[in-house]
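Okay, so here's the structure we're looking at.
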Amino acid sequence: MASNIALVLLSIFALSINAGPIESPQDSNIFLNDMRFVDSEDRSAIESERARWTNGIVPYYISTSFTSQERAVLEKGLQMISSSTCITFRPATTSDQQSYTYVSIVRGSKNSGCYSYVGRVKRGKQELNIEPDSYCMQPGPVAHEMLHAIGLHHEMSRPDRDDYIVILEENMQSGVISNWKKEPNSLTYGTKYDYMSIMHYGSRAGSKNGKPVMVNKERKEVRMGQLEKLSDSDIVKIKSMYKCN
């Protein structure tokens, strides 16, 4: 009997070793393909003033299909931004909705993930999609998507990213490399490359084999991305983008 118990315990121990690290939100696939653009013109023009929200005020509407608990999570994500920057969020008025000058936070269908348009969209409804039964329904991912709507790109899409990271495409899932495309029009606002930006993917996001898809220039795996707060450089970029203190 004792030998059988020992065998079971050894089996459980072996499984725990082979299971690998527990997936974290920033290392999952929730942010893959999460940036939307109306057309190619908007993709190249999102650094212009017309893609900014007037006076840093972002009207928003939360779909009534979210539960009260989910709404609280969404509001907390917005608060992560407003508490540390000059961006202000206010409920969209009837006029905002009629003129489509607001962000509509919609409840995503199963496997829709989270995504947002980048910058202020001047044509049509601007949706920010949050799939409730996923990693998306946390304040950090909500803030990440809203920061896209405010105008930020992913950190590893900076034009100078090759000075700081090495992309290991051989470890990537098929078809995801486009998420690492450098954005030549993405401004850095004088900030240094920030591995801990809330806009940075985790080092294993999109991995097909559990190995890192990004390492530093010394080819060492370092922690990349986090969803707890806006980093100092995230805050500087927003303040510079919106010309506020």
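Cβ from N, Cα, C; glycine included.
Features of the protein shown, as given by TrEMBL:
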ACT_SITE  Glu145  active site
BINDING   His144, His148, His154  Zn(2+) binding site
DISULFID  Cys114-Cys136  disulfide bond
DOMAIN    44-245  domain 'Peptidase M12A'
SIGNAL    1-19  signal peptide
Note the mean pLDDT of the domain 'Peptidase M12A' (44-245), expressed as a whole number.
93
Of the recorded positions listed as His144, Glu145, His148, His154, the one whose CA lies nearest the CA of Cys114 (disulfide bond):
Glu145
How many Å separate the Cα atoms of His148 (Zn(2+) binding site) and Cys136 (disulfide bond)?
14
Would you say which of the binding-site residues His144, His148, His154 has the most Cβ atoms within 10 Å of its own Cβ?
His144
Which site among Cys114, Cys136 has the most other CB atoms no more than 10 Å from its CB, taking these as disulfide-bonded residues?
Cys136
When DSSP is mapped onto helix/strand/coil, what comes out for His144 (Zn(2+) binding site)?
helix
Give the distance between the Cα atoms of Cys136 (disulfide bond) and His144 (Zn(2+) binding site), rounded to the nearest whole Å.
10
Given a separation of at least six residues and a C-beta threshold under 8 Å, show me what packs close to the residue listed as 'active site' in the same chain.
Asp34, Cys114, Tyr115, Ser116, Leu128, Asn129, Ile130, Cys136
